[in-house]
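Annotated features in Swiss-Prot:
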ACT_SITE  168  active site, proton acceptor
ACT_SITE  287  active site, proton acceptor
BINDING   116, 166, 170, 288, 320, 372  substrate binding site
BINDING   194, 196, 197  Mg(2+) binding site
MOD_RES   194  N6-carboxylysine
SITE      327  site 'Transition state stabilizer'
């Protein structure tokens with residue numbers, strides 16, 4: 001460094017940050033951005049600008065560059081690829097040295113990778129498509145507080161997806177009536193019920209009252225059914241201090257699981273709550289409220305597969321992932337990709353599912369994928385086929401909308417689930433034979449028969465906005 005001299009002025013980013021001959025290190029954090037440059041900005045300069053602005057660069061040369069080893073700390077744009085079917089944008093692959101980031105801090109990673117660079121004038125639109133976290137960084141993060149196997153052991157539930165229900169209406173119920181709805185659903189054979197993400201501590205139902213009535217309902221349902229039950233008590237709060245106060249009370253009354261809105265509540269709060277859950281033996285259900293603001297635009301924002309990885313690192317035992325078949329956004333190939341990123345120990349690069357890098361999670365536990373949003377009994381065969389056993393199938397209106405009430409809706413879901421699991425275990429093609437499987441099960445379950453009649457015409461056949469780029473070919 002002593003031989004370097006300072007030359008004031010502005011130089012092209014590509015002179016420093018575009019290195020097509022660079023071979024990424026095993027310890028580098030790798031990112032794939034989809035870049036739409038402004039007119040007149042060529043690809044190499046745009047990619048280098050993103051590398052610079054998301055790492056060590058600024059708009060002009062500064063003399064303090066000479067006080068450190070810029071060649072070591074800088075981000076490097078090392079590859080550019082075409083986006084299938086879209087000539088206006090391109091993929092840029094950027095490598096960042098691991099020492100740019102605080103250990104175990106996904107907050108710090110996001111501050112750089114999706115920070116000010118997203119407002120850079122030379123870039124018309126920018127999207128973070130994927131990130132490869134090296135195992136050296138993964139091991140500094142806490143990850144899920146319990147993980148899939150520990151949760152199964154705690155809840156004594158094996159060999160099938162778990163069944164849940166979000167209590168509706170999402171807002172307006174009193175605590176006592178809310179607890180009644182929880183009891184009916186759990187008594188009807190569900191494993192879990194859930195606070196809607198909108199429920200915190202509003203005037204119509206304060207959090208402490210809700211917690212008490214819900215836990216009473218849970219214990220009563222457990223006593224009557226002989227099964228372990230739980231309700232996701234949402235501890236998301238205006239401040240971290242209040243969040244921990246609510247979490248402590250949930251533990252005090254014997255609740256097995258709490259809930260947090262990890263994007264609306266903040267990644268820092270989520271990581272802290274995950275650590276608290278790990279230390280206190282609590283399960284943590286995570287909702288993704290606000291995600292579509294970040295991930296739905298196919299040209300600007302953060303892809304949900306990145307948000308999935310960030311959640312697994314930050315900590316959560318469940319994460320909502322979409323359904324493929326329900327009312328919320330998410331195509332099948334992409335959804336299967338981020339489900340694997342949530343649950344598996346190693347996920348190889350697979351462009352057909354939108355996965356740009358190998359991802360090694362080492363010994364970090366996986367988390368349950370939660371399917372929720374506009375699902376009902378007719379979706380059960382597809383849900384079991386798509387999500388497999390390590391999932392939570394979270395119905396709302398598909399339970400509470402049953403003409404005979406909540407318990408009947410819950411019972412219909414449980415019968416449909418067990419029929420599909422049994423058929424799958426017998427080697428049947430449950431997606432193709434779903435109608436026959438459900439019809440046969442309904443012969444012994446009037447609750448299922450009525451549910452099938454009620455929702456036989458309900459479909460959500462809208463095209464996906466955020467498709468895999470390969471689908472545009």
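For all residues, glycine too, the Cβ spot is worked out from N, Cα and C.
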Long-range Cβ environment of residue 287 (active site, proton acceptor), under 8 Å and at least 6 residues apart: 197, 234, 259, 260, 261, 262, 320
Whole-number Å value for how far residue 196 (Mg(2+) binding site) lies from residue 168 (active site, proton acceptor) (Cα to Cα): 8
Site diameter for substrate, Å, by largest Cα distance between 116, 166, 170, 288, 320, 372: 37
Residues near residue 166 (substrate binding site) in space but at least six apart in sequence (CB under 8 A): 193, 194, 195, 196, 372, 394, 395, 396
Collapsed DSSP category at residue 196 (Mg(2+) binding site): coil
Among 196, 197, the one of these binding-site residues whose Cβ has the fewest neighbouring Cβ atoms within 10 Å: 196
Site of maximum Cβ density within 10 Å, from binding-site residues 170, 194, 288, 320: 194
Residues near residue 116 (substrate binding site) in space but at least six apart in sequence (CB under 8 A): 53
Fewest-neighbour residue among recorded positions, criterion Cβ within 10 Å, set 168, 372: 168
Mg(2+) site shell beyond 194, 196, 197, criterion: Cβ within 8 Å of Cβ centroid: 166, 167, 170, 195, 198, 199, 232, 234, 259, 287
